[in-house]
Structure formats: structure tokens, C-alpha cells
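> A single structure is presented below for examination.
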Amino acid sequence: MLHTMQLLLLATIVGMVRSSPYTSYQNQRFAMEPQDQTAVVGARVTLPCRVINKQGTLQWTKDDFGLGTSRDLSGFERYAMVGSDEEGDYSLDIYPVMLDDDARYQCQVSPGPEGQPAIRSTFAGLTVLVPPEAPKITQGDVIYATEDRKVEIECVSVGGKPAAEITWIDGLGNVLTDNIEYTVIPLPDQRRFTAKSVLRLTPKKEHHNTNFSCQAQNTADRTYRSAKIRVEVKYAPKVKVNVMGSLPGGAGGSVGGAGGGSVHMSTGSRIVEHSQVRLECRADANPSDVRYRWFINDEPIIGGQKTEMVIRNVTRKFHDAIVKCEVQNSVGKSEDSETLDISYAPSFRQRPQSMEADVGSVVSLTCEVDSNPQPEIVWIQHPSDRVVGTSTNLTFSVSNETAGRYYCKANVPGYAEISADAYVYLKGSPAIGSQRTQYGLVGDTARIECFASSVPRARHVSWTFNGQEISSESGHDYSILVDAVPGGVKSTLIIRDSQAYHYGKYNCTVVNDYGNDVAEIQLQAKKSVSLLMTIVGGISVVAFLLVLTILVVVYIKCKKRTKLPPADVISEHQITKNGGVSCKLEPGDRTSNYSDLKVDISGGYVPYGDYSTHYSPPPQYLTTCSTKSNGSSTIMQNNHQNQLQLQQQQQQSHHQHHTQTTTLPMTFLTNSSGGSLTGSIIGSREIRQDNGLPSLQSTTASVVSSSPNGSCSNQSTTAATTTTTHVVVPSSMALSVDPRYSAIYGNPYLRSSNSSLLPPPTAV
């Protein structure tokens, strides 16, 4: 305790001595010492140093090398001690900072004149940062690569302090972190560094024509500098197969090149059977020089070197077929495939089969249907029409109620329903169901049929007659045919050249594994029809058919004659108006032109009894006119030296002169010496007289005389033995022709103007 008090007293005395103003000197000390700093090249750095009670000389050292004691630090232009002596501030200012300034600095004060001890500050490290140079990619601006073959891209950034940080970014803006190798190499000055980053890239099609960039930066400058390179990637074709729909139809099921128009079919849609299908193969490749090949179920298609393939008639055999398109270029080959989904109508792959079963046994009927989409199958029992199943297989226990006929019906939307039937037969003894009385014709071949339902199938069928079994040894008169029918058997006994003694009662016996059945069948003779009656009947039928044929032919010919002729041909017409005058135009040659007979109607109004008719028949047409009067007839006929022209009748009313002009045909009746009448037609021409009435000038045509016995002879109008009588046919007897028979009626280019027709030649 005493020792402690002594120590405290000693310390107090020492403190009082140091703080006393009467002390002979005071120690110098640092009020502020320099600290470690970091600066970028070109920046300004100040290392602080303040000294209290400075007695000695102050200087800065750089890596233990003294810089000088004066404030301007001569010899070091970028260095200076800033501050004031009064404040004891001797801070070191460096501007601009250079890489050489990267060192350890210390502020030192030498001992004072009165023996004050020297003092030194702590070392302060100045770290100088240098931004890196712009990065460079050693491969240049473009690198050529092949898909899936690795390449290396190197990015170098030089002169950074610290070494530059390098970041890789792909063409999509994604930062790459994998498959990168980063190394730092010091420069010879051992202060700066070269940073190198190698990107090991596996090129893909997506990288084609994209830019990869590397970014370099360090703590001296956080603004990155970058370099980029464009990647040209050669890649194998990228293939896509599309199924295109087309119009229904197409024949032959052939596979060929490009087809017609089509519609893109979405995935999952079905192709209708028998339609035309076009498949398109799209390929993206670099280089683009490619070769196409098509396959169906790995079988190459001949001529399939195009971008499209057409199946002209797609059938159900193409359902689920794999259509593959293979495309190849210099880099490699690739492929794509599409599975065809064909919609087709249902068809039976396996029809239900009839079965034989015992009561209580279990049977299974199978109905396999091929269709797309899958069919709806329904089993129906007949005759109840009750649905008993809806699956491919129908299994049930056999009984009297379940035995019978079953229908399998398959339905697919958009297609016709199909059905098939099968029988389930109960096994038992046979039962004969034939007619008990059958007939034959004496002298002809007779047949007796014995039908028996037999499940299982009959193993023996026999015939007996008058107690004796009929067999192959019974003579050549008999033969037996046995045919299997659904659910039974049919036996036919054939009797050749049957006679009366062959007719009678026959027994048919059917035997199977479950029993037998016997039926007695009566064979009766039916009366034959006599040969004479057969012949008479046949002749009657033939005669009736012959008469009927003749009547039909006559009816058809008569019906054809009643048909109207064409509009420009007048084959026959009659004119009967107040005098019984009739005319008939007969062609001398069937190839003649009927249109030479023309009817011209001038104006739109024809008064009653006034006819405007113009005939100009060719020579080969003969016009025969007959006029009945007092039991005699006059026949007028022109030959090809004369023309019969019935000119247009014109009626003009003039209010001042009250004149009327009428052109009428003239008829000359000639009495021959033989008592017959001959006539001539005189073509008339209008000659106006002073009194306003027209006179007629005529040309005489040749006349054909008609003798009482009906013969005709050509007569000359100049014969001395004839007497000519002039008879003017009144206008009421003028010929009337339906204007629709005119060629002008149907052809406006043949219609003439209102000018008058040329007059006929004047008679001499």
C-alpha cells in the first residue's frame, strides 16, 4: 500500500515538471500523420502532416528517399509542401499523380537544437490506379465457325492497374459466365498488367450473324470499354415439314412433285381419304445450297428432290405413315418428319363368325372394324332389335333366348354405317323343313329337295323309295347332291328322264351327332303342256310384237310430218280464201335452199283481204296451184324458165286524187283441143292510167295441162289450138303466207327498205 502511494506521488511530480512553463524545452510531436491513399493517374493527392512544437527540420521521404526540406521541393516539380508554418502544416501535395508516385511516404522531423528528439510519422502508401487500354479481340472483326464445333475467342486488355476485369456478352445481351478462361500477365514495369479472357464457344444456328462483345474495366475507371466480333456460323439445315390440305379428289394414289393450291393444316387435323395432300419441306441452312430427299416409312420416293411432295390420292394405307424430309448441305444433313392422320370410312377387318354351341356354354363374337376415327360399335340381337353390346367382342352364355342372329353395326361420323351378322346356333338333333309335296314332269328331270336345319352339321343324309335306299348302286336314274347351307344341309335327289313309276313317296333321313329326323316327301307328276299349244303361243307373241312395232313406226312418222318446218323454209302451205285456191311448194332437190322463198311484209298494217306476198322460188321448186270450179281443176305449174312472183300489194289512199293502185296476179285459162284446161300464170306489173286505175302488163309462163285421165303435159301458150281466157284473180283470193316463214323475219340484215321490188319481165 505504501509502495503504491509512492508511485502516485512520483508521477504527479513528473507531470508538474513537464507542464511547468519554466521547463527549459518542450518535445515536438505530430498533430496529424499521413494515411494510405489511392489515386488515379492524373488526379491530385495530398498527404497530411501537422507538427506541434516543431523544433527540428521537416522533410518527406518517398520509399525512404528524402524529397527535401524546402516547401517547393525543388527537383520535384509535381511535389510541394502546402500549409503554413504558424499552423505547423507541412502536407505533401502531388499533382498530377503519375504511376511513379506509387510508393510509401513518411513525414520526418529532425532533432531540435535543444536536444528535442526527432520524430517520424507512420508510413502512408499511395496506390496509383491506371485505367486499362481498350480491349481487343485477337480474331479480328469476324470469325467463321461451324455449328457444334467449338471455337475460341480471345479478348485482351493491356496496361491496367489493377488488371482489367473482362466480361463476355452474346448477341442477345446475355452475360456469359461458362467456358471462360481468365489470366493476368504483369507488364515489365511490374506495376501494370495485361488481362486476357478466352471464350470457348460452341456455335449454334442462333449465333449466326450475331455480335459477341467483351467489356474491360477496373477500379480506376468503371466506365467499360468494349470490343466486338461478328460470328458467321455455318450450320446444317434446320428442317420443318408441314402438311398442307387440298381439294378432294385425285386418282391413282401417286406421289409426285409440287401440286396446286392448298391450305395449311394445323397439327392434329385429319386428312380425308382420297383427297390430295401436299407436304412442304422448309429448310434453313448456311450455306443455302441444299439437296432434298423424301421418304415414306423410310422408303425413298423416286423423284422426290423438291421442296414439296404431293400424294394425289391419299388412301387409308397412308394412315400413320411417317413422311420424312431429309435436307443436306456441305455442313451436314438433318431431317424432320410428320405422321399422316387419314380419316377414312369403316371397313371390317374381321367379320363376326357364326358359331355352334351347347346350352349353357359361353361364346364370344368378334367384330373388328378398321376406321379413323375409331368407330362406335353396337351389337343388336335379332329379332328383338335389342342392343346387347358396344365393344369389339360380345361374350354371353348360350340359351334358347340368346341363340339366334346378331348384327354388328359400326358407325363413324361422316361415313355410311356398315353392318355384318352372325348366327349362334344351338346344337341339337336335325329338323327337316322341306315341302312335303313336290312336283316333277314325266319325261323330264325331276328334283326332290330335302332341307334340314342341323347343328352340328349332318354327317349322313339318305333317301329311300318304296322301302329301298337309293344309292349310287341304284342305277343311273338317280343322283344325289348334298350342299351345306347356313345352319343346316340341303340334299337334292335328281331323277333323270323320270317316268310314271318314279313318282310316289320318298323318305329323307338326316343324321347328326345329336339325333336324326325323317321326312316323307310325295313326288307328284304334273300335266305337261302340249307342244302345239307352245308353238301357237310363241307365234302369237311374235305376231303381237310385230304389229306393235309397225304401229309405233307409223305413229312416229306421222308425228314427224306434223312438225312445223324451220322458220326460213316453207315446205307446204295452202291458201283457201273465198275461192278454194291451194298452192303446194315441192322441192325438186332435198338439198335445195328453202330460204329462197322469202316473204316480205311492208309496213305494220295489212287491210283485211289485202296480201303482200313476194315469191322468188328457184327453178328446182315447182309450184302447183289448183282451183276447183264446176268439178274441173286447173293446174298451174312454172318451170325454171319462168318465175312466179306475187308482188307486194300496195294500197295507197290519196285524199286529193282518190286513186288506188292494186297489183294482182293474172291467170290465163286455156281450153285445149282435147277438152282439157291449161293455164298460165302472168306476172303483173303496175301501169298507172289517167283515170287513176292501174292496168296490167303480163308475162306468160308455160302451162301444164291436166287431162281428164290425170296426166300432165307441157303446153305452149303460143299453140294455135288453144283459146286463152283472161281471168283476174280477185284480191280476196290472193295468196296468204305466214310472215314467220320468211327468211327476213329471222334475219334483220335481209330486210329491204320500203322501196318497191323490181317488176317482173314484161310479156311480149
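Using the three backbone atoms N, Cα and C, a Cβ is placed for every residue, glycine included.
Per Swiss-Prot, the features are:
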COMPBIAS  692-701  compositional bias 'Polar residues'
DISULFID  Cys49-Cys107  disulfide bond
DISULFID  Cys155-Cys214  disulfide bond
DISULFID  Cys281-Cys325  disulfide bond
DISULFID  Cys367-Cys408  disulfide bond
DISULFID  Cys450-Cys508  disulfide bond
DOMAIN    132-230  domain 'Ig-like C2-type 2'
DOMAIN    430-530  domain 'Ig-like C2-type 5'
CARBOHYD  Asn211  N-linked glycosylation site
CARBOHYD  Asn313  N-linked glycosylation site
CARBOHYD  Asn393  N-linked glycosylation site
CARBOHYD  Asn400  N-linked glycosylation site
CARBOHYD  Asn507  N-linked glycosylation site
REGION    640-660  region 'Disordered'
REGION    691-719  region 'Disordered'
TRANSMEM  534-556  transmembrane segment
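Could you place these features in context, so I can see how deep they sit and what lies close by?
Applying an 8 A CB threshold to same-chain residues 6+ apart, the list for Cys49 (disulfide bond) reads Phe30, Met32, Glu33, Pro34, Leu58, Trp60, Asp89, Tyr90, Ser91, Leu92, Cys107, Ser121.
Around Cys214 (disulfide bond), the C-beta neighbours below 8 angstroms that are at least 6 residues distant in the chain are Pro135, Ile137, Ile153, Cys155, Ile166, Thr167, Trp168, Ile169, Ser197, Leu199, Ser226, Ala227, Lys228.
Sequence-distant neighbours of Cys325 (disulfide bond) (same chain, six or more apart, CB under 8 Å from its CB) are Val239, Val241, Leu279, Cys281, Ala283, Tyr292, Arg293, Trp294, Phe295, Met309, Glu335, Asp336, Ser337, listed in sequence order. Following the DSSP three-state reduction, the secondary structure of Cys325 (disulfide bond) is strand.
When other Cβ atoms within 10 Å of the Cβ of Cys367 (disulfide bond) are tallied across all protein chains shown, the result is 27.
The secondary structure of Cys508 (disulfide bond), as reduced to three states from DSSP, is extended strand.
Helix, strand and coil residue tallies for the domain 'Ig-like C2-type 2' (132-230), in that order: 3 helix, 60 strand, 36 coil [DSSP].
The domain 'Ig-like C2-type 5' (430-530) scores a mean pLDDT of 89 in the predicted structure.
In sequence order, Gly171, Lys228, Ile229, Arg230, Val231 are the residues near Asn211 (N-linked glycosylation site), counting only same-chain partners six or more apart with C-beta under 8 A.
All protein chains shown were included, and the count of other CB atoms within 10 Å of the CB of Asn313 (N-linked glycosylation site) stands at 17.
Sequence-distant contacts of Asn393 (N-linked glycosylation site), defined by Cβ-Cβ distance under 8 angstroms and a gap of at least six in the same chain, are Ser364, Leu365, Thr366, Cys367.
Listed in sequence order, the residues of the same chain lying 6 or more apart from Asn400 (N-linked glycosylation site) and placing their CB within less than 8 Å of its CB are Val359, Leu426.
Taking Cβ-Cβ distances under 8 Å and a sequence gap of 6 or more within the same chain, the neighbours of Asn507 (N-linked glycosylation site) are Trp463, Thr464, Phe465, Val518, Ala519, Glu520, Ile521.
Counting residues 6+ beyond its ends, the transmembrane segment (534-556) has no Cβ neighbours under 8 Å in the same chain.
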> Fewest other CB within 10 angstroms, which one of the disulfide-bonded residues Cys107, Cys155, Cys281, Cys450, Cys508?
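Comparing Cβ neighbours within 10 Å for the disulfide-bonded residues Cys107, Cys155, Cys281, Cys450, Cys508, Cys508 has the fewest.
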> Reported in the order helix, strand, coil, what are the DSSP residue counts of the domain 'Ig-like C2-type 5' (430-530)?
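Breakdown, helix to coil: 6 helix, 59 strand, 36 coil.
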> Give me the count of other Cβ atoms within 10 A of the Cβ belonging to Cys408 (disulfide bond).
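Around Cys408 (disulfide bond), other Cβ atoms within 10 Å: 24.
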> Please report the three-state DSSP label of Asn393 (N-linked glycosylation site).
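Asn393 (N-linked glycosylation site) sits in a strand per DSSP.
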> What does the structure give for the C-alpha distance between Cys508 (disulfide bond) and Asn313 (N-linked glycosylation site)? Integer Å is fine.
58
> Reduce the DSSP letter at Cys107 (disulfide bond) to three states and note it down.
strand
> What whole-number Å value do you get for the CA-CA distance of Cys408 (disulfide bond) and Asn313 (N-linked glycosylation site)?
30
